[in-house]
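> Structure provided below as structure tokens; questions to follow.
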Amino acid sequence: MEGAEGNAGQPGPAERSHRSSVSSVGARAADVLVYLADDTVVPLAVENLSSISAHELHRAVREVLQLPDMALEAFALWLVSPLLEVQLKPKHQPYKLGRQWPELLLRFTDASDDDIAMDEPSLQFRRNVFFPKRRELQVHDEEVLRLLYEEAKGNVLTARYPCDLEDCEVLGGLVCRVQLGPYQPGQPAACTVREKLDSFLPAHLCKRGHGLFAAFRGRGAKTGPCEQGLLNAYRQVKEMAGGDSERETTLGSHYRAYLLKCHELPFYGCAFFHGEVDKPTQGFLHRGGRKPVTVAISLEGVHVIDNREKHVLLGLRFQELSWDHTSPEEEEPVLWLEFDGDSEGTPVNKLLRIYSKQAELMSVLIEYCIELSQAAEPALPQESASGPQEAPSPSSAPTQRPKLRRQGSVVCSRIQHLSTIDYVEDGSGIKRVKPKRTTSFFSRQLSSSHGSYTVVQPNDNSPEQG
């Protein structure tokens with residue numbers, strides 16, 4: 001947060017730009033800049049910057065934006081840079097954490113000394129990871145809906161939320177409606193959509209060719225399949241009855257529709273972490289290596305996402321896994337995930353290694369999310385009795401999930417693309433031998449709920465190690 005002037009204009013390794021959250025510092029006062037999801041800035045004149053808490057800054061942002069009390073639960077302050085993202089607790093002091101940023105990068109990232117020296121966090125007002133989707137269904141304030149919509153839209157467009165093309169088109173159609181107004185058959189919507197395609201669809205879905213051929217493509221060129229699908233979705237956006245005086249209400253309904261569609265994505269509202277996993281060995285030389293992944297953790301479970309292919313490699317609810325993290329000296333920290341699987345038809349327990357200096361952060365978050373989920377379970381029946389809008393999100397899952405579990409959906413697990421350690425309980429490993437044990441490989445699991453995770457028992461017909 002400090003030293004913005006010294007770093008201004010210096011490009012990082014990926015030509016990234018840094019945004020300072022302290023615009024001017026005096027002896028006792030400073031102008032703190034808090035960034036919203038749409039990149040707009042909320043300037044705050046703050047006394048005693050070095051000791052002000054995240055809770056106090058959060059309250060100041062809510063007052064400036066005139067947000068209702070629910071915003072205290074829905075949003076949190078984050079320190080964010082291209083290298084690390086940290087959601088602040090109410091008691092945290094953002095300025096002091098900003099001063100400690102290089103130490104945090106050394107501890108939780110593999111960044112080089114040069115990258116660490118140039119990296120600077122910005123203070124952002126973003127969705128609270130611990131805000132349940134069932135509570136989000138109760139939001140009616142249009143500004144709160146807009147902020148949630150802008151953040152979700154950004155995550156979709158940057159492919160942080162991997163989506164199938166069909167879902168991207170539906171979401172993009174809603175963005176067209178918000179930005180361009182109601183669909184009008186007589187207007188040149190196709191040209192507008194083509195010129196701003198990356199404002200409506202993720203970049204990897206709207207890449208076009210370059211060079212001589214692309215130069216001859218004029219405005220009258222035939223609409224591409226992605227553009228046509230987007231236009232069809234735009235045309236099908238349902239409008240609320242009413243005139244111009246109800247424009248705000250209408251926009252609020254489209255924000256809500258966008259968020260409800262995002263609720264179908266299993267990683268909506270997650271915190272994201274960087275890591276690597278082993279590739280399966282392939283070819284005559286048994287080459288393996290690693291692939292970079294993003295680990296998404298929410299109140300509902302854990303998802304491992306392939307950064308390059310932009311699809312899910314593994315998705316697990318907390319009831320389906322146990323976990324631990326290890327950080328031995330002179331070795332990489334590892335987050336271990338254990339789950340049920342099969343090897344050539346034989347039930348086994350699978351172990352996935354995720355190499356990451358953020359393994360400790362991920363393990364702590366998993367444990368806390370499980371604690372929150374268990375604490376919330378007794379309250380769910382009372383909340384659902386008060387009305388359909390307050391029903392918990394799992395009740396709608398059976399009707400929503402099949403839409404995303406289409407053949408080859410990007411949100412379906414691809415365990416075959418992972419290299420795992422397979423074993424049975426007594427240690428007679430199918431692919432790798434593990435020591436004898438009488439319980440799960442890890443003791444840390446969601447044991448108090450009725451989960452589907454089980455420890456595989458050995459049997460006389462188990463194949464030998466191959």
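Using the three backbone atoms N, Cα and C, a Cβ is placed for every residue, glycine included.
As listed in Swiss-Prot for this protein:
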COMPBIAS  383-399  compositional bias 'Polar residues'
DOMAIN    30-377  domain 'FERM'
MOD_RES   Met1  N-acetylmethionine
MOD_RES   Ser24  phosphoserine
MOD_RES   Ser384  phosphoserine
MOD_RES   Ser409  phosphoserine
MOD_RES   Thr420  phosphothreonine
MOD_RES   Ser440  phosphoserine
MOD_RES   Ser447  phosphoserine
REGION    1-21  region 'Disordered'
REGION    379-410  region 'Disordered'
REGION    442-466  region 'Disordered'
> Would you say which of the modified residues Ser409, Thr420 has the most Cβ atoms within 10 Å of its own Cβ?
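Output for this query is Thr420.
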> Cα of Ser409 (phosphoserine) to Cα of Thr420 (phosphothreonine): how many Å, rounded?
22
> Could you tell me the mean pLDDT the prediction assigns to the domain 'FERM' (30-377)?
88
> Give the three-state DSSP assignment (helix, strand or coil) for the residue listed as 'phosphothreonine'.
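Once the DSSP labels are grouped into three classes, the residue listed as 'phosphothreonine' ends up as coil.
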